[in-house]
Amino acid sequence: SVPRCYLNKQLATVRVLKGEPAELSCTVSKDSVTGTWFKDGLKLTSMDGVVFEKKGFVHKLIINKAADIHAGKYRFEGGDVKTEASIFVEDPPQVDKVLLKNLTSVPTVAKAGEGVKVQIPFEGRGPIRATWLKDRMELGDDTRIRVDKTDTCTTLSISSCDRRDCGDYKVRLKNDSGVLEINLKLVVIDKPQPPAGPIKIVESSANNITIQWKPPKDDGGKPVQRYLVERQQVGRNDWETLGETPRSCTSFTTSKVEEEMSYYFRVRAVNAEGASDALESGEVTAAAKASPGAPDRPEVISASRDTITISWKAPRKTGTSQIMGYIVQKRKKGTVTWLPVTNVPVKDKKLKVTSLKKGVQYEFRVAAVNAAGTGQPSEPSEPAFAQDPTKSPGQVQDLKVSSSDSTSVTLTWNKPEVQDGNDVKGYEVEMRPCNSLSWTKCFTLPAESTSCRVQGLQAREKLFLRVRALSDSGPGEASELQACAGAAAPVVSPRLLIDDTVKNFLVIKAGDPIRVKIPFEGSPEPVVSWLKDGLPLPSRAAVSTEDGSAQLLLRAAEFSDSGTYTVQLGDGLGKRETFSFQVQITDIPQPPGAIRLEENVPGTVTVTWEPSASEQWEKSLHYTVLKRESQKGLWHVLGDLIYNNKFTFTRVVPGRDYYFRVMAKNDLGASDPSETVQPWRIRKTKAEFLVKAQRYRGVNQNQPPRFLVPLKPHVVVMGSECHMSCAVGGHPAPKITWYKDSRDLSRDPNYFCTNDFGVCSLVVLGVTKQDEGEYMVEASNEVGRAFSKAFLAIKGES
């Protein structure tokens, strides 16, 4: 009998990209087998781009360049052998490589107000679905944005760009062979936003006013080049340009001021596209001149045989202009005459006084100088000898390790004993490993500190530590000890500590922050990651991990932030623990649309209205209908919890006017109302009536007091005058009484009150901090009483 032929290697299915080569091969047990190839059940004798090859026991079908016609099911038959496999030709979406490089590497730039059109031609097996996304949200058509697609091209058109359109865009092309994603960036340039306020008054004196602001939150896509500063005198209409500052300077000082004159200031940011809208200040008053107060007594820092170094602090009261320097004087202890140390004011608040006599005891005092003159001198300093210091400080006392853990050691000590008035000025801490003789400085601490923590150690690491006191005469002798870090913390598997404080469903109002804090444990500290709907968090989200808690923060919630959030803990070895929670973003609803009134049934009125725009995102939205029977009457609820856009009122009284309003409501509150403008009335049959004339009783001209112009709050500089005024009407003419914090000011000589035909004024001469508070004026006559209140704030001298 003839041996049977059998397969050594059968055909295998092949997936190939369009245009790439492909090959099917099988191996039989006999060299004499010729074999036949079939495609989709039909015998192949020849085919474009296909070569049949036989080498010994191996039979091959070779495709030089795969095309759609080559896709199908292939079969090889030879002798007793039969085997089959398929060829799949993949044709995913493709974009020209040069165009793709330009789109992804170079941002698209447009000016605000201009149109943008981004067109991307593509190839691939249809149908191809094209999707445009911005900040991971799919774009749809609206009044400005349009997305178009043909069989070979997709286009994004924006009719009028603004800064909201800046950001990262993604084009996703998808068919049954694959997905192509293209990342783009759009930059819209515009004038900057106004500088961030409010404008801060750094100095307001008789000679200068200095203002300060912050850079704009949005520079319009181009760097701010400069700031324009303008000024308007109170009571005038024109603005005066004072000057410009470079982008790096956000303050401006003007010396064009008059004493006790009030001004407004405004600032604009300028970039290559133009100037922003203006940020305006409140009313700023230039103060009258005043000299500074006395500084605290100066302190002696160090001394030598012919010098003594002193320092001092600026006075609490600096007057109404900037301090220009200080006058320093000296005298020998026991004498009366003060002598100047320098011929000109000292700019610094520290001075080394030279040319002193050795062994003589000196005292020093300081006075501040500003544009108004020299202020009061300070109290004299403690007496000090002009002599060299004697000894360095002694050793620190009771140096010991107060606590330790696996990575740190904490030291404590006591101050050294004082030697000959040589005070300690600080401490120096050094360390060295047990296997080294070199010391490394860890800290230099102030004199008040008598403890420190040495961190960054290995578990059970041994080391030597030493501490020495420092003084003006140099470092003292060191105290030394040996220390050891604690054992490593035990390994604890990562675990989320979910309790009643951690909610699995949050309802957040749009614009409010989203704050979530989830405690966990694990040692070493686990890796924390966050997801939203299974994807990375939006770029606005801030996450942090500290003190055993994972924290999530979005400062201003948007409707797109609704979804499922997941926090994951990982130990780096593949073990994970997760917790998910839902976030729903909502807001007070938008008001309903226009209201229509119809009398479908006699004696009734049917109220219909356009739905609130919030119905698109608020599932629990409902409506409340109210009515009133005159323009100034009270509103009464007719119907609540209405889930459609219609309500019928049946108890209509003929001849009476009705006004209606509709509000949209949800769990957060009610919208602004929509109201009818014209009254609704059902005519009634007129009845005859008689009019009886009444006796004339005359006109009562008495009127209760009323404030025609109320009091206004004031902010004034300490030491200046404050004028508060109001206007009062009433008959008979009201009696006027002033109060401060409920205290009658009628007989207080520090306040001057006038009443000129209903214009009432209160003048406070030379205001102090005690004058700050709430002021009230009372107007009373035999018909009634009226009150007006305002707050006076005192600003410290600059």
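Using the three backbone atoms N, Cα and C, a Cβ is placed for every residue, glycine included.
Pulled from TrEMBL, these are the features on record:
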DOMAIN    3-74  domain 'Ig-like'
DOMAIN    194-289  domain 'Fibronectin type-III'
DOMAIN    294-389  domain 'Fibronectin type-III'
REGION    373-417  region 'Disordered'
DOMAIN    395-490  domain 'Fibronectin type-III'
COMPBIAS  398-411  compositional bias 'Low complexity'
DOMAIN    494-586  domain 'Ig-like'
DOMAIN    591-688  domain 'Fibronectin type-III'
DOMAIN    705-788  domain 'Ig-like'
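The highest tally of CB pairs under 8 A with the domain 'Fibronectin type-III' (194-289), across 395-490, 494-586, 591-688, 705-788, is held by 705-788. Across the domain 'Ig-like' (494-586), the prediction's mean pLDDT works out to 86. Counting residue by residue with DSSP, the domain 'Fibronectin type-III' (294-389) contains 0 helix, 38 strand, 58 coil.
The helix, strand and coil residue counts that DSSP assigns across the domain 'Fibronectin type-III' (395-490) are 0 helix, 53 strand, 43 coil.
Residue counts of the domain 'Ig-like' (705-788) by helix, strand and coil are 3 helix, 51 strand, 30 coil (DSSP-based). Each residue in the domain 'Fibronectin type-III' (194-289) gets a DSSP state, and the totals come to 0 helix, 50 strand, 46 coil.
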